[in-house]
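Each remark here refers to the structure printed beneath this line.
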Amino acid sequence: MGSSGFSWKLKDHPKLPKGKTIALIVLDGWGEAKPDKYNCIHVAETPTMDSLKNGAPEKWRLVRAHGKAVGLPTEDDMGNSEVGHNALGAGRIFAQGAKLVDSALETGKIYDGEGFNYIKESFEKGTLHLIGLLSDGGVHSRIDQLQLLLKGASERGAKRIRVHVLTDGRDVLDGSSVGFVETLENDLAKLREKGIDAQIASGGGRMHVTMDRYENDWEVVKRGWDAQVLGEAPHKFKSALEAVKTLRQIPNMSDQYLPPFVIVDDSGKAVGPINDGDAVVTINFRADRMVMLAKALEYADFDKFDRVRVPKIRYAGMLQYDGELKLPSKYLVSPPEIDRTSGEYLVHNGVRTFACSETVKFGHVTFFWNGNRSGYFNAEKEEYVEIPSDSGITFNVQPKMKAVEIAEKARDAILSGKFDQVRVNLPNSDMVGHTGDIEATVVACKAADQAVKIMIDAIEKVGGIYVVTADHGNAEDMVKRNKKGEPLLDKNGQIQILTSHTLEPVPVAIGGPGLTQGVRFRKDVPDGGLANVAATVMNLHGFEAPSDYETTLIEVVDN
Ligand SMILES: O=C(O)[C@@H](CO)OP(=O)(O)O
Ligand SMILES: [Mn+2]
Ligand SMILES: [Mn+2]
């Protein structure tokens, strides 16, 4: 115990033993919704997950995974991987990036901070570049925050502003990019009336340009770099609205995958490459899909692609994206201080952990789980394994993804006896759900279910315990609905495919031969959310959770 009285030591649980191997399985984007043909989890053959549900209410229940339960501003905010895994890992609810940026903008504090004052130095002679996701999805960014920042920066001396937009269609309906670009164009036109030289300078779809994650495909970031920094792209347009409308007509094209474009002036010259002396802000608050660009913008030593020209800029993130790497070093809003995560506690209490997913979700069960912190707490007690994801494809063409490979790695870790906690993320229902391809999403859900079975079978063999849950909804609802819950039709009478996450709750199931007799879900935590899972898991490892953690979901009754 240090002089502050703080200790990592967890109290022993009065009734639950230590030393049971626990498989902690997170199905990404697997919510619970009413069964109909747009519920891919219902349509898919999922015998394993169905059998867990039969354990309700003692061994299966639902928990909240959206809105305030995961630290988002409102109950209309769908859940997402960052906030979901943060809550699962940290056991407490932290005000998340979306909310922190809202309040920094509302109080004006964002303009008093070190980050803003740093970039402001460039306003007199340089250009302010804002790069980020353009939608109201609220998962990575929000357009209203961009609008406020544009206003605030221009009122504080920014004279020349260039916006580099990434179109969405993943957290919002496909096709909505046109409206968001229109909104932004109107705002920029108003700034121009006030004498500010403000324009959109470049763009591209988020999945094809800039917003890769966990280093799955640096080409994605390079495409963005070429357009944003060098002012080079295969497509050149006079306006962003024209760009988006035209590029959307490419067969099978969608907002998420628009090719990179730059806006050029009458002489064909790009209107907004990033130059020496400029300021750059990446406006996304969420970390995973901005870290790679942050590295390219900030690191002197960088070998992931040829940057060709590395402008001397003043760069700030909307938030700091990686607390361990201190990346970026300057930021407008301080990130949530997610400390004392369950992973860190457990490592201090001798729990040996194995974590695994494929690249596209690898950081979810490591980086997000550990409170947006990269690396191990203790390399002797932890092993993190990343299975390379396919790159350059949309996952509806490979809906099984690496589910079996992940499950087999986890199975081997369980059977090895070397680990107390084996934690995985199965990406299928989420990554394929985001493509909007209903048939492929059904295949994805089945594949995830089969992977769960592989791990549960291993747990049976070693006398362990399983905890199966999810981070938010996605595949259980693939259609936009009206308030009554009926599919909403567009003007042509077509249903509108929902590529985004949902507001639905997610399951938590416990079981396995190692589960002590009498363990069951309590009835007095009806509003339980993802943050309650950490204390539950600590209990199953034989420990009491720290007193400020959200309460456990389980009780042990004598029978
Ligand atoms: O793909 C992503 O970045 C988000 C959706 O924007 O999904 P998830 O939160 O499940 O990672
Ligand atoms: Mn997710
Ligand atoms: Mn997702």
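For all residues, glycine too, the Cβ spot is worked out from N, Cα and C.
Annotations in TrEMBL come from automatic prediction, not curation.
Listed in TrEMBL for this protein:
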- SER81: active site, phosphoserine intermediate (ACT_SITE)
- ASP28, SER81, ASP471, HIS472: Mn(2+) 2 binding site (BINDING)
- HIS140, ARG170, ASP171, ARG206, ARG213, ARG286, ALA287, ASP288, ARG289, LYS361: substrate binding site (BINDING)
- ASP430, HIS434, HIS501: Mn(2+) 1 binding site (BINDING)
- 20-544: domain 'Metalloenzyme' (DOMAIN)
- 101-322: domain 'BPG-independent PGAM N-terminal' (DOMAIN)
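The record gives ASP28, SER81, ASP471, HIS472 for Mn(2+) 2. Within 8 Å of the mean position of their Cβ atoms, the other Cβ atoms in that chain belong to VAL26, GLY29, ALA65, GLY79, ASN80, GLY84, HIS85, HIS364, ASN425, ASP430, ALA470, ASN474, HIS501. Cβ neighbour density within 10 Å is lowest for ARG213 among the binding-site residues ARG213, HIS501. Checked against ligand 1, the binding-site residues ARG213, ALA287, HIS472 give no residue with a Cβ under 6 Å from it. Confidence over the domain 'BPG-independent PGAM N-terminal' (101-322), given as mean pLDDT on the 0 to 100 scale, stands at 98.
Checking the recorded positions ASP28, SER81, ARG213, ASP430, ASP471 against ligand 2, the ones whose Cβ sits under 6 Å from it are ASP28, SER81, ASP430, ASP471.
Around the Cβ of ASP471 (Mn(2+) 2 binding site), the number of neighbouring Cβ atoms within 10 Å comes to 32. Closest by Cα distance to ASP171 (substrate binding site), from the binding-site residues ASP430, HIS434, ASP471, is HIS434.
When secondary structure is read from DSSP and collapsed to three states, ASP171 (substrate binding site) falls in the coil class. Ligand 3 lies under 6 Å from the Cβ of the following binding-site residues, listed in sequence order from HIS140, ARG213, ASP430: ASP430.
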